[in-house]
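K.L.:
Not my notes, these are from TrEMBL:
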DOMAIN    7-232  domain 'Cytochrome b/b6 N-terminal region profile'
DOMAIN    244-436  domain 'Cytochrome b/b6 C-terminal region profile'
TRANSMEM  34-58  transmembrane segment
TRANSMEM  105-123  transmembrane segment
TRANSMEM  135-155  transmembrane segment
TRANSMEM  167-188  transmembrane segment
TRANSMEM  200-224  transmembrane segment
TRANSMEM  262-285  transmembrane segment
TRANSMEM  297-316  transmembrane segment
TRANSMEM  336-356  transmembrane segment
TRANSMEM  377-398  transmembrane segment
TRANSMEM  410-433  transmembrane segment
Amino acid sequence: MSRAKQLYDWADSRLDVENAQKFLGKAFPAEDSFLLGEVAIFCFILLVLSGIFLGLFFEPSTSDVEYDGSVQEFQGEEMPEAFVSVLHITYDVPFGMFIRRLHHWAAHLFVASIGLHMLRVFFTGSYRNPREPNWVVGTGLAALSMGAAYTGYALPFDEFAATATSIGYNLTISVPLVGDFFGQVIFGGEFPSSATIPRLYFLHVFVIPAAIAVGIAVHMAILIRQKHTEAPREADVETGDRTVDADDGSVIVGLPAFPNQAAVSAVVFFLTAATLSLLAGLLPVHNIAEYGPNNPAATPSLIMPDWFLMWVYGFLKLLPKWASFTVGPVHVSGEFIGGVVLPGLVFAAIAVWPFVDRAPGQEHFTADPLKRPWQTGVGVAAVAFVMIASIAGMNNILADQVLGTTTSVVNPYLSAALLLVPPLYGGLTYLLLRRDLPAERTEQGPAPGEAAGGDADD
Ligand code: HEM
């Protein structure tokens, strides 16, 4: 018996390698849009790696220290240590600026790829029975990714970021009855206190990444257990050792996990890393030297959150003053309604969606969005809603720099647009798709689509 065979038998008797090989032959549908989820995973890996580098130099403290570094304008100035350490990373640590930018761009791409992945799953109906649990886990991951980005945004403790993140503190304490308690737990009390940055740092580098890692593990475990969805097949598929019927949803036709899909995934990983490196090399991020350290006595002229939280900011800006009331000892503020209740309702609506668009039996083929008039109409309306709310979040820029007027003039139009445009777009989408749909073709039956080739997995 050769040495290699002996080694294999040794490993097999302990690790059941034979079975693992079966797993490596697992089929992946050859669909490009299915790679969006992988891009999100790779961004997460790059975020953790670049974050470890940054963590070696970042100081989570707001105590003042004297600056001694390359930025002449701050030389000898007493400034918060967190701010000083990020200046140090950016201008004095070898590769510091590159890694900081890479971390920043990876955070943007992480949230963007999750959003696009979610839209792919939505419009192709891939959340339907039996994949509802994975959709719910995914909704949690989307919220966590925003939490990770928000807590990271605060850390350099520059004037812009500190002011923008103070909005989060105000929203937290606006929650009736328990707001102050959560303000203490998350922010260490008044914003900013000496405990704020250490608390946010702990959430950013440990609690939230750990929760995301567990969430991704559960998401993947459910995915492996349930298998991917697959585009409907045009005809029966010959896979070499068997014939898979066109409508047999219990079997996946696609690339084996190893080596084919592993090679595709490696390419996606390197493309993700290359894109982020290019962005980091060429495009600056959040220039803290320009903003200067946090100054509690001043308010910057322009305050805004990152793009993916702009819709929440839009709710806050559009909510009328009278939407704030007191019932007995409980005060319900506009901030609570706009910044906590409405976003909470949006996330709740996303989470329960697969239970609204219920499929009676299991659906293992993706649906064609053009053949799902009302579901696609709801999706279009939802995208329009988030986009208009995001534009409302930038109402000051729209008013000042685009229309040359004031926010009090544009706000009523934005409110009307937020209420009217989504149902209008959704309704039009519905009518257009309905018109093109022959009466007998509903979304439930597998419509002819692309046929995949390769291995079968059951
Ligand atoms: C950290 C965030 C996330 C990561 C890393 C992630 C990763 C993935 C990956 C790699 C897949 C398999 C390939 C693919 O379909 O793209 C997948 C499938 C899936 N994801 Fe996500 N996902 C995330 C967030 C979400 C969100 C926000 C939702 C929806 C609310 C979601 C719902 C689903 C569903 C239902 C599937 C199964 C789809 C199918 O079988 O076609 N995921 N996810």
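Glycine residues also receive a Cβ, built from the backbone N, Cα and C atoms like all the rest.
Situate these features within the shown structure.
P.N.:
Using a Cβ-Cβ cut-off under 8 Å and counting only residues 6 or more beyond its ends in the same chain, the transmembrane segment (34-58) has close neighbours at 28, 82, 85-86, 88-89, 93, 95-96, 99-100, 102-103, 106-107, 109-110, 113-114, 116-117, 120, 148, 155, 201, 205, 209, 212-213, 216, 228, 264-265, 268-269, 272-273, 276.
Taking Cβ pairs closer than 8 Å, the transmembrane segment (105-123) reaches residues 33-34, 36-37, 39-40, 43-44, 46-47, 50, 135, 138, 141-142, 145-146, 148-149, 152, 272, 275-276, 279-280, 283, 285, 306-308, 350, 353, 369, 376, 379, 383 in its own chain, all 6 or more past its ends.
Residues 150, 154, 194-196, 198-200, 203, 303, 305, 313, 316, 330-333, 335-336, 339-340 of the same chain lie 6+ residues outside the transmembrane segment (167-188) yet bring a C-beta within less than 8 angstroms of a C-beta in it.
Remote same-chain residues near the transmembrane segment (262-285) are listed as 28, 35, 38-39, 42-43, 45-46, 98-102, 104-106, 109, 255 (criterion: CB distance under 8 Å, separation of at least six residues from the stretch ends).
Here the transmembrane segment (297-316) has long-range neighbours at 108, 111-112, 115, 146, 149-150, 153, 159-160, 163-164, 167, 291, 334-335, 338-339, 342-343, 346, 386-396, 414, 418, meaning same-chain residues at least 6 beyond its ends whose C-beta is under 8 angstroms from one of its own.
Residues 119, 122-123, 302, 304-305, 307, 310-318, 346, 369, 407, 410-411, 414-415, 417-418, 421-423, 425-427, 429-430, 433 of the same chain lie 6 or more positions beyond the ends of the transmembrane segment (377-398) yet place their CB under 8 Å from a CB of it.
Outside the transmembrane segment (410-433) by six or more residues, the chain places 314, 317-318, 370-374, 376-378, 380-382, 384-385, 388-389, 391-392, 395, 398-399, 403 with a CB less than 8 A from a CB of the stretch.
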